[in-house]
Amino acid sequence: MDNLTRVTIDFQTSHLIFPIMIAVLLGLLGLAILVRDRAAILGSGRMWAATFREMDKPRFLGTLALTVVYFLLMVPVGNIWPNTGYGFLICSVPYVIVLGLLFMHERTPAKLGAMLAVALVAPPLIWWLFSEVFFLTLP
Amino acid sequence: MDLLAHLIDPWFLGLIFGGTLMGIMFGAIPGMTATMAVAVCLPLTFPLGLVNSLALLLSLYVGGITGGLVPAILLGIPGTPSSITTTFDGFPMAKRGEGERALKIAIVASVVGGLVSLVALYFFAPVLAQFAIKFSYVEKFLIIFFALTVMAALSSDMLLGIFSGVLGIFLSLVGTYDITNGGNGHTRLIPPGMEYWLDGGFALLPVLIGIFGVTVILEEAEIGMPRGQSLKDIEVGPHSRFSFSVFRGQWLNLIRSGGIGTFVGILPGVGGSAASILSYTAAKTTSRHPERFGKGEPAGVIASEAGNNGLTGGALVPLLSLGIPGDSTTALLIGAFALQGIQVGPLFIGQNAETWNAMIVAMLLSNLVMLVTMFFAIRWFAMVIAVPKQILYPFILMMCVIGAYTINYGIIFDVWTLLIFGLFGWLMAKLRLEVAPFIIGFILGPSAEIYFVKSLESFGDLTIFFTKSWIAVVLWILIAASVAGSIAISRRNARMISPSA
């Protein structure tokens, strides 16, 4: 009985023990879900079709696309002026403006003015606070 | 300098006031945390001296943990990981026009939780530290295992909840088996070509900000960015008026949650969100109306906030007695001591009585400053909810980028992690997977691995998890009770749903 519970850990492969255990457990739980919810899983195509049909595509996909472009541009722009945080500053202003326009329902002059004011003031203020006062690294 | 001298020192008092306010603001802005507030201000403490620098950092800590309740309640986005459970009931209250009431309940609960932990810290620190020092890897693993079983109690679908939690553990293991924690320094679970980016795994903070910040914005964008609530929703009306009568019958919940937070804080490495999750679960399982939890029950807000503020005092116990931080924020405090050339350890309190007393006073005053400013200026904090979404959400996304990028001092992959886990969170909601267990698994996974493997390396026998000590036996009883409680709740929920189905 003692031998059944004895375990010898090889230090060189000790990084795999827990991940393998967790992977096996995850697989078993996944299998249990597959068996229990098989009807729902087989019908999930309809759910995804409905999700895509009812989705506000311009806002959802626009948010994703703008964010990807924002992240992609920040570092190359920042590399033009290294260690200044200008990449964050220069990319954030148009990002906040375009995203704000995308999220806005009625584009009245008052709402546009408020949004533009925040978009033009907030990023420089945040950049100044974190880059110049707190000396944090920004892209 | 004695205690009285600190109380009339304008520098000391000014740093506590400023630190608390700044901490509240850091915690209140989604994506910013108490940890970050302390990290940002750490270099500023160099010229202040030990007592004043600790006053500033502890105030930032107390303010930052508390500030997290503001976005948790008003936006459903936890400002800090430890306010995850505040969203469960605080946000539904805000959605039905009781934002101000929920905030004031949370503030009072936070102060009581903070004071409970402070009393425990001051009077019982040596005793509690002696108790915690007895924990070997085995007991530490069992404590985490116990916290993970709580996942089941928090899930609306137990199987999907456990799956989500195990998935969180699995993803937390991506990267290097950390050599500083006794691992062998080898990597695992990294897809080919991603070695450079994932060597250190996914950073916790960008994962949290992604799931709780970016996901919320993606979900709102998906449904066409519905118009937000107006200032009228948070005005003091008959439906939102705060009264201390809400605490009638909740004193046990308050003290218990503060006590749980303190205890969890004392256990090195377990801290963080486990405190509020355990407090919340205890309140839910002992409530006469557990079905109201998650739908705007004030007792849930009370438990969560008293629990996470209870952490503040508790997390300092292992730090000051053993030199081991109770959570990530107190880990940064070691930096403050190092800057001043002081080593924290078993001898600290005895040899630095003045600093020890000043720390207690600083935390006490910080709790009071937090109570007064937030209680009476909550309208200003609450105005976050009335900011139009076309202004607020782009701003939040921008702040999320700063938080993710700066937490590891400038790693762009952490910014991409935001988006990856933002999308992942959106996908989880579609697949009915549970976010809370996933996050708990992700936070506790790496510690669970270290303690589990080290237990087996040290003792070479699986039975050690049952036979190590009486503490292990007690922990197994708690684990069994937690599992049984989860099953009972699950069956009761199923019975409640079936008649109406």
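Glycine too: its Cβ is placed from the backbone N, Cα and C atoms.
Matching B:141-174, B:311-344 against TrEMBL, the residues noted as transmembrane segment span B:141-174. Residues of the same chain lying 6 or more positions beyond the ends of the transmembrane segment (B:413-429) and with a Cβ under 8 Å from any Cβ of it are 164, 197-198, 202-203, 205-207, 209-215, 217-219, 222, 400-401, 404-405, 407, 435, 438. Non-local neighbours of the transmembrane segment (B:105-129) in the same chain are 62, 65-66, 69, 73, 86, 90, 242, 244, 246-247, 254-255, 257-259, 261-262, 265-266, 298, 301-314, 316-318, 320-322, 349, 360, 363-364, 367-368, 370-371, 374-375, 378; each lies 6+ residues outside the stretch with a CB under 8 Å from one of its CB atoms. Among the recorded stretches B:54-77, B:194-218, B:355-378, B:465-489, the one sharing the largest number of Cβ pairs closer than 8 Å with the transmembrane segment (B:436-453) is B:194-218. The stretch from B:54-77, B:194-218, B:465-489 with the most CB pairs below 8 A to the transmembrane segment (B:355-378) is B:54-77. Outside the transmembrane segment (B:194-218), and at least 6 residues removed from its termini, the chain residues within Cβ reach (under 8 Å) are 30-31, 33, 35-36, 75-78, 81, 84, 171-176, 187, 393, 396-397, 400, 403-404, 407-408, 411, 413-415, 417-426, 429, 435, 438-439, 442-443, 446. Counting only same-chain residues 6+ beyond the ends of the transmembrane segment (B:465-489), those with a CB under 8 A from a CB of the stretch are 134-136, 138-139, 141-143, 145-146, 149-150, 152-153, 155, 158, 281, 284-285, 290, 455, 459.
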